[in-house]
Each structure stands twice: as C-alpha cells, then as structure tokens.
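Among the features that TrEMBL reports, S-adenosyl-L-methionine binding site is placed at 38, 40, 65, 87, 113, 143. Among the features that TrEMBL reports, domain 'Ribosomal RNA adenine methylase transferase N-terminal' is placed at 45-236.
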C-alpha cells in the first residue's frame, strides 16, 4: 500500500504526462484476455464516465481496477480531495505511481483484490452520514472487467442491505461499467425480456440508471459487446424489508425456471414432502397469480412473496436452511447406491470404464 499525504489544493490540473497509449507502450502493458481486461484510451469518454458520478470537487473517490489510468486522470482533473486506487494486476502499479507523483498528496494506491479488500476503513470517519441523510461525499467509480462485474455488484448490494463495507459511511454512490446486456438486466422493468434476478436484487435496494452506452470499438482490445455505464444510489428504504439472504433465496427460486410459471420455481423453496400444499399456501397468502412468468412479477409481488415466506420460516425454522439442490443430490446418491446393490457387476464395469 503506497500512502500519500492528503492535499488541500482547491483547483487541480495535471502536469503534462505521456498519453495512455504511450504509458501502455512504455510499461509494455497488454490486456489479458483471461482477466477480461479492456482499456479505454479516449479521454473524452473517460471524462463522460466521470461526469455521471456527479460533482466530484473535494470528494473522496475509490476507483476499482484503474488499469493504465485513463479514468484515473479524468477523476483527478475533476478536483477530488483524495483518490484511492485498488488494482489487482501488478503490471499497472508503476504507471499509476507516475500519476500519483503528478498529483502529490492526492492518490493512494492499493495493490489488492476488490473482492476481498475491506472498504470499512477506506475513507476518513468524518465523512460518515446517517442513512436518511443525503449521500456522503464518497464515490465508487470503475471500468470493471466483465468477469468480476456481476459477483462484485451482488457483493456490494449485500453491503447496501447490511449498511456495511463502503456503505458504512452512508448511501455511497457507484458509477460502474457493465456489458450492455448485464446493464439491461440491472435496469429491466416487469415484463421486459431482460428482467432477471439481478433486476430485483439491484432495484429493491438502489435507484439504478443506465446512463449511456460505449461502443465496443472504443476499447482496446475491442470486446465483442458494447459497454454501458450504470449509476447506483442506495435507497433510504429498501423496497423489500427482509434480510438479503432471504430475498436472494426467493428471487433465485423464482427465476430458476425462467420460461415456466412462477409456481414451478417457488416450489423449490420447500421440501418434497408437502411441497405442493406449501407452495399453494405461499401463493394464496401473497396473493400472486401462480400462472405468471417470473419476468412478469412486479416488485410489490416479490415483496409480498418474501414477507409471506418469512412468516412461514418463522413458523418452521427448518424451512430457511432447506436447499433444493442438496435434496436432489441426496436423491441421486441414493439412486446410485440402490443401483450398485442391485447390479454390482455392472457398477464395477462402469467404474473400470
């Protein structure tokens, strides 16, 4: 971790620096396909991304995966008070150190993985705000590698729900890039073909806005898809007031059989014995039409399903720990054992094969 002393300059301009293209050549940086890296070299686009975050003058910003530092330059030019850079790939650290030296006192570089980095102590304590107040002067910005974008946003949504991680400071705003298709899922309305688990999990906790689309050819190397910039602001009051794990379990179950009636997915919340009766009880109490498809359900219907399922779990605590996939696995194991006792020769032959 390379620390810098906080600076107090009111206006800030970066001194002349090599272009991003020159930095890439200088440090022989090459985007790694296995890390789904794509560089954005056009500073007009990096500035447009940074503008989506809002007013950044004197703000504290965390940039995730800065890479060669294109967006980093635009963040610094916006006049931030402090910029925390979290970069997993050691090849990019020297280029980022060059930027840090050009902006003395403003940049802190952490060589680490955002999936495991503890954000609770990333910013000064005096920036903390109550959840009901306006968002704190803290922003998370990042051109995320495609491979981590979905697991990372799910992790941060859980942090929003629990008001921990980067949200221990209040309703910290996020401006992040996703594959266009993922961005469409994040913002999809009921009935839309992209409506999914991601739509419910993000929209019940945040205001989610798809700000603009960057064509794939703007990146180096060019990805096969376009990229969208999405802005998140946590809601004061979540739309479903239940624990994150419960909401996720219900939503995952509903979307397990996306093309079938929602009744079919909700069945997987219950053990085989009494499954039909309990699913009917859930649907009737929640007042949800069992013949609706998962993508047709509104947020209020998901709320009703989660609230009803919570009451059922309170009455029977074994329900919440029940796992449909585990039950399937056990049934398969039992079937295989029965087969091996009935046809031992065949099993030995199969094992040899």
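In case you wondered, yes, glycine gets a Cβ from its N, Cα and C as well.
Each of the binding-site residues 38, 143 was scored by the number of other CB atoms within 10 Å of its CB, and the largest score is that of 143.
Per-residue pLDDT, averaged over the domain 'Ribosomal RNA adenine methylase transferase N-terminal' (45-236), rounds to 95. Cβ neighbour count for residue 40 (S-adenosyl-L-methionine binding site): 21 (other Cβ atoms within 10 Å of its Cβ, all protein chains included). Just so you know, the Cβ of residue 65 (S-adenosyl-L-methionine binding site) picks up 22 other Cβ atoms within 10 Å once every protein chain is counted.
Of all the binding-site residues given, namely 87, 113, the one with the smallest number of surrounding CB atoms inside 10 A is 113. Taking every pair among 38, 40, 65, 87, 113, 143, the residues listed as contacting S-adenosyl-L-methionine, the largest Cα to Cα separation comes to 21 Å.
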